[in-house]
């Protein structure tokens, strides 16, 4: 069991209290960074509420053991039962929620790209993603399950199972089950009570906690791992989940073997290991490598991006880089494939779709003789594909821009410049986040050809659209369509 006032803890007391103080400061600093970076796509991919809840659960266990050591015989055995029985299953279920979130992010981006590849005929025409210009101009990009990957089909057909609301409901259900089982054990036990504060040696009281943890591990192995097969993300979240599962299973088996097996079955040195310390250190190690360090990395990327904006040197380089990619179909197809790993497929698809819109109505013919009815239809299609509440593609734009677009399309106050602000924000997101990661990706991939700046083959198409959009942003004569 997780013993209170155990002599095995005595030599570790001062060391652990120092560690607990440093650890709590690290968790607090990480939580502050998470709140500060909550609007960054990289942080939203990890889910702000999941990260904060996991930090809170880990901090609660650290405080629990610190109080246990500080108060010694004054610490009630009831807390020794309640804290682990609630916090460990809650923290482990957050890991399952993270896995479900990653599955939904990857396969929804993959489905968007696969839908483009299927095109007008509804069947895959080629193994590589064709240019969006090969599709009908007004054909909606309906993200559906038309893909050969059964995992993507399953996720898109049952997308409600992966929604934030569903994950929160499952978390509340786990919390209710843990509370009910712990309350039952507390009412029946004679050891883990508020009156007893020494020799908290029960026999069966923690069995419900281990049962819930075992079911959670089984659920993770049977649901998340099969759906994660083949998933590649640019943020390392899949690697983190595999690491969590590996360390978690080992720590779980060690704790169960110490607590539940008869003492005569285990060697003396094995039973002398404080199981509470093993569980806590395993939890802290997993939290360090899967939450604290990744959040610190996101903060570092954000700080570097801010410096790039101030200096404008790197920003101009990535802009030229994206311009060149946009003008080359081969490199644009590679960027499309990478965008699935980066969870930015919606940004790339919108960039191409909006560029095609401007090519059609502003580059191929003078604006004075445009078919405004066809232009209005195209704008409505773009909104339905990328920005409406039912759109299946995620676009990295601000909430203010999204609300403004919703208002304009609801009140029918549309003009030729309606998506200019969204286009600028998407371009910003690509040049500040996706392109640097893409450059890092291809520079580390020795099997692929490294990018070398060259004379673009179709630079007129991309630059015409980009220049026209820039002119629209500055032009006082924007045409009202409705």
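Note that Cβ sites are derived from N, Cα and C of the backbone, with glycine treated the same way.
Range with TrEMBL annotation transmembrane segment, chosen from 145-163, 240-258, 259-277, is 240-258. Of the ranges 47-67, 73-91, 207-228, 278-302, the one with the most Cβ pairs under 8 Å to the transmembrane segment (240-258) is 278-302. Take the transmembrane segment (166-187) and the stretches 15-35, 47-67, 207-228: counting Cβ pairs under 8 Å, 207-228 has the most.
Sequence-distant contacts of the transmembrane segment (73-91) (same chain, at least 6 residues past either end, Cβ-Cβ under 8 Å): 2-5, 53-54, 57-58, 60-61, 64, 67, 171, 174-175, 178-179, 181-182, 185-186, 189, 191-198, 200, 202, 205-206, 208-209, 212-213, 216, 276, 279, 283.
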